[in-house]
Amino acid sequence: MFLSELITVLVVGWFVVVTPGPNMAIVIKNSIFHSRSHGVFTAVGLLLGNIVHISYCLAGIGLLISQSMFAFNLIKWLGAGYLVYLGIRALKSNKQEIVERIDIASRANYWVSMRSGFFTDLLNPKATLFYLALFTQIIRPDTPAWARVTYGISIAFLEFLCFVVLSMIIGHSLVVKRFEKISHLIERFTGLVLVGLGIRVAFSD
């Protein structure tokens with residue numbers, strides 16, 4: 001019973017993880033324009049954000065947020081604003097700034113990348129709705145608390161591992177060098193994606 005339910009949860013979680021969204025975009029951005037180590041720290045931030053979502057959903061606070069129009073819209077608009085802010089920063093970067101940023105990546109502050117991952121996930125209202133659906137619809141009502149915690153943590157670490165692998169690939173020196181000449185174009189494209197995701201979050205139901 002536990003194993004079959006865990007498999008179901010992980011399959012659902014897998015499809016959520018591989019679906020392009022803000023989390024994937026921020027990992028790719030930090031991996032390419034800083035380093036794969038920054039991509040890993042971004043994934044750590046996303047993991048911590050997921051743990052926060054899991055904690056308050058298990059405590060019943062997530063249901064209150066979803067039922068409060070003000071609270072849900074506040075999170076939604078904060079999340080949208082943060083994504084648009086990151087996107088505009090990327091769009092405003094010039095070619096020289098991007099090259100210099102790549103060159104000094106090894107000396108950059110990993111905390112900044114982890115923080116960007118944390119707030120990207122924490123301010124994503126879709127994460128709240130996903131974990132609410134997980135704990136109220138996919139998982140049976142009689143599932144014990146320890147199993148619910150296990151399911152939530154399993155999905156959080158599944159996402160973490162997937163994004164670590166992604167950052168290792170995207171942030172590899174061979175990949176970075178291959179795209180270094182058009183890094184400013186990639187940065188602007190990433191900025192447009194982040195702004196677009198922010199707008200989508202803002203106007204989502």
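Every residue, even glycine, has its Cβ placed from backbone N, Cα and C.
Taken from TrEMBL, the feature transmembrane segment covers 6-28 (among others). When Cβ-Cβ distances below 8 Å are used as the criterion, the transmembrane segment (6-28) is approached by residues 39, 42-43, 46, 79, 83, 86, 116-117, 120-121, 124, 126, 130, 134, 138-139, 150-151, 154-155, 158-159, 162-163, 166-167, 170, 190, 193-194, 197, 201 of the same chain, each at least six residues removed from its ends.
Look at TrEMBL and you will find 40-64 (among others) tagged as transmembrane segment.
Here the transmembrane segment (70-88) has Cβ contacts under 8 Å with residues 22, 26, 29, 64, 116, 119-120, 123-125, 128, 190-199, 201-202, 204 of the same chain, all six or more residues outside its ends. The transmembrane segment annotation in TrEMBL covers 70-88 (among others).
Feature annotation from TrEMBL assigns transmembrane segment to 122-139 (among others). Note on the transmembrane segment (122-139): residues 5, 8-9, 12, 16, 21-23, 49-50, 52-54, 57-58, 62-63, 65-66, 72, 75-76, 78-79, 82, 147-148, 151-152, 155, 201, 204 of its chain, located 6 or more positions outside it, place their CB under 8 angstroms from a CB of the stretch.
Long-range Cβ contacts of the transmembrane segment (151-176) within its own chain (Cβ-Cβ under 8 Å, at least 6 residues beyond either end) map to 5-6, 9-10, 13-14, 16-18, 23-24, 27-28, 30-32, 34-40, 42-44, 46-47, 50-51, 54, 57-58, 102, 131, 134-135, 139, 143. TrEMBL lists 151-176 (among others) with the feature transmembrane segment.
Beyond the ends of the transmembrane segment (185-203), by six or more residues, the same chain brings 21-22, 25-26, 28-29, 32-33, 76-77, 79-84, 86-91, 93, 98, 124-126, 179 to within a C-beta distance below 8 angstroms of the stretch. The transmembrane segment annotation in TrEMBL covers 185-203 (among others).
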Other parts of the chain folded back onto the transmembrane segment (40-64), taken as Cβ under 8 Å at six or more residues beyond its ends: 23, 26-27, 30-31, 71, 110-111, 113-122, 124, 127-128, 131-132, 134-136, 145, 148-149, 152-153, 155-157, 159-160, 163-164, 167-168
